[in-house]
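Peer 1: Relevant sequence annotations retrieved from TrEMBL are reproduced here:
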TRANSMEM  233-252  transmembrane segment
TRANSMEM  272-290  transmembrane segment
TRANSMEM  296-314  transmembrane segment
TRANSMEM  352-370  transmembrane segment
TRANSMEM  399-420  transmembrane segment
TRANSMEM  432-450  transmembrane segment
TRANSMEM  470-490  transmembrane segment
Amino acid sequence: MDNRHEFRSASAATPAAVLVVDLDGTLIRSDMLYESFWAALSRRWTCLFSALAALREGRAPLKRRLGALGPVDPALLPYNDTVLDYIRRWRAGGGRAVLVSAADQRLVERIAGHLALFDEAHGSDGAQNLKGGRKAAFLTQRYGEGGFAYVGDAAADLSVWRVAGHAVTVDAGPGLSRRVEAGTGTGSVEHLSTRSGRAAPLLRAMRPHQWLKNLLVFLPMLAAQQFDAATFGQSLLAFVAFSVIASSVYLLNDLLDLAADRAHPRKRHRPFASGALPLAWGTVLAPGLALTGFALAFALGPAFAAVMVLYYGFTTAYSFHLKRRLVVDICTLAGLYTLRIIAGAVATGIPLSVWLLAFSMFFFFALAAMKRQAELVSAARAGGRAAHGRDYRVDDLPLIANMAVSSGYISVLVMALYLNTGAVQDLYASTTPLWGICLVLLFWISRMVMITHRGWMDDDPVVFAARDRVSLICAALIFGCALAGAAGALA
């Protein structure tokens with residue numbers, strides 16, 4: 001399908017021999033200022049202070065500073081294939097191509113060198129920001145008014161299009177398109193449409209399917225068999241607060257993990273990594289969702305809010321640092337799962353069983369180990385030696401698998417010991433059906449480890465289980481055993 005819409009004339013009709021291409025939002029589906037910022041932040045969070053100091057001197061010094069703090073690999077950037085094809089056709093017709101951007105000169109040169117499509121590359125020099133009127137003056141001086149065609153995407157490019165011999169817009173809205181058509185001196189305008197809507201990528205970035213994990217806040221209510229409206233309402237509000245804050249963390253994690261995600265066979269399709277969603281949106285939404293979640297948390301009281309602060313602190317530490325620490329990352333993930341159960345207990349005021357905490361720690365340690373096992377299996381199949389961005393080597397696979405299955409079996413042992421306590425006998429009319437839970441868990445854990453070993457596992461075992469028919473049947477069987485015990489079946 002041809003994505004080009006022609007207005008008055010095609011690019012071949014323009015006398016301009018030079019095609020000037022913008023970078024941000026045009027050649028790439030991203031913005032190098034945000035790319036550099038998040039690359040720098042992922043390496044060291046203290047670079048924030050250095051960036052703020054550079055910002056006082058202007059945008060060009062800021063870009064130069066961020067480019068030094070967080071170098072970006074040009075090979076991993078989300079390039080716009082439609083624009084790349086346009087450049088290739090232009091060059092095939094005998095024209096020259098030039099990359100001109102407000103991004104820092106060093107970054108522009110590296111990107112141009114990687115693509116090998118441009119005869120020249122020009123960017124901000126660390127003192128002057130090559131954007132808008134300044135870019136128009138630079139291009140007019142270098143190529144003459146009307147002596148070049150310009151490919152851009154934003155209102156800031158209007159002054160450049162006015163002095164260009166041919167204007168090409170990329171994903172411009174109706175309003176901007178009309179302004180370009182009205183303001184271009186030659187009347188030669190071409191529109192490239194390459195972008196789909198933003199709503200679906202935004203929803204995917206928030207990962208509502210991951211909210212399944214937050215259902216753990218209902219576990220204290222279910223375990224204590226307290227089903228009154230007040231308790232359910234408190235658990236529901238806790239679930240919503242957790243989900244909003246969790247989405248904030250997912251956005252933050254994706255922004256910090258851009259390079260690793262783009263190098264991953266599946267994660268490279270994530271909204272930020274693929275360029276389907278602007279990094280600027282994530283930069284605003286991540287703190288915005290966090291503030292909304294904390295406002296909901298305080299509605300449940302300061303104790304619950306404190307748990308949420310703890311959760312956010314650990315998840316942020318995980319995103320910045322802990323996920324690259326051997327075994328510490330697995331322990332952190334297991335602890336974050338357990339913290340959801342603690343939050344449910346705090347929100348409802350239900351005393352938390354030490355047995356439930358022990359079971360959750362071992363069970364979720366197993367799931368976290370499976371997650372790393374799946375990443376290593378994927379790396380091994382791709383011919384790699386290690387999981388990208390993690391402190392594990394492919395040689396660690398047997399040990400990681402052993403950790404997963406051992407911890408999973410210990411969680412079943414904890415469950416079996418719990419079934420012999422007086423607390424269970426007080427809650428359930430018959431404990432005999434509850435032993436079926438142990439059998440189902442043994443089967444499910446063994447099967448999940450085998451699936452991971454064979455490379456069939458997604459990156460997240462919880463998400464995989466939610467889509468897996470056998471796992472859903474196991475969940476139904478566990479629920480049935482608990483229901484039978486409560487009803488006194490087989491008593």
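Using N, Cα and C of the backbone, Cβ positions are placed for all residues, glycine too.
Predicted automatically and left uncurated, TrEMBL annotations should be read as such.
Tell me what's around each of these sites.
Peer 2: Here the transmembrane segment (272-290) has long-range neighbours at 28-31, 34-35, 37-38, 78, 80, 196, 198, 201-202, 205-206, 244-245, 247-249, 251-252, 254-255, 258, 261-262, 312, meaning same-chain residues at least 6 beyond its ends whose C-beta is under 8 angstroms from one of its own.
Remote same-chain partners of the transmembrane segment (399-420), defined as residues 6 or more beyond its termini with a Cβ less than 8 Å from a stretch Cβ, comprise 330, 353, 355-356, 358-360, 362-363, 365-367, 369-370, 372-373, 376, 392, 431, 434-435, 437-438, 441-442, 445-446, 448-449, 452-453.
Long-range neighbours of the transmembrane segment (432-450) within the same chain, counting only residues 6 or more positions beyond its ends whose Cβ lies under 8 Å from a Cβ of the stretch, are 366, 370, 373, 401, 404-405, 408-409, 411-412, 415-416, 419, 424, 457, 461, 464-465, 470-471, 474, 477-478, 480-482, 484-485, 489-491.
Only residues 6 or more beyond the boundaries of the transmembrane segment (470-490), in the same chain, are considered here, and those with a CB under 8 A from a CB of the stretch are 225, 427-437, 440-441, 443-444, 447-448, 464.
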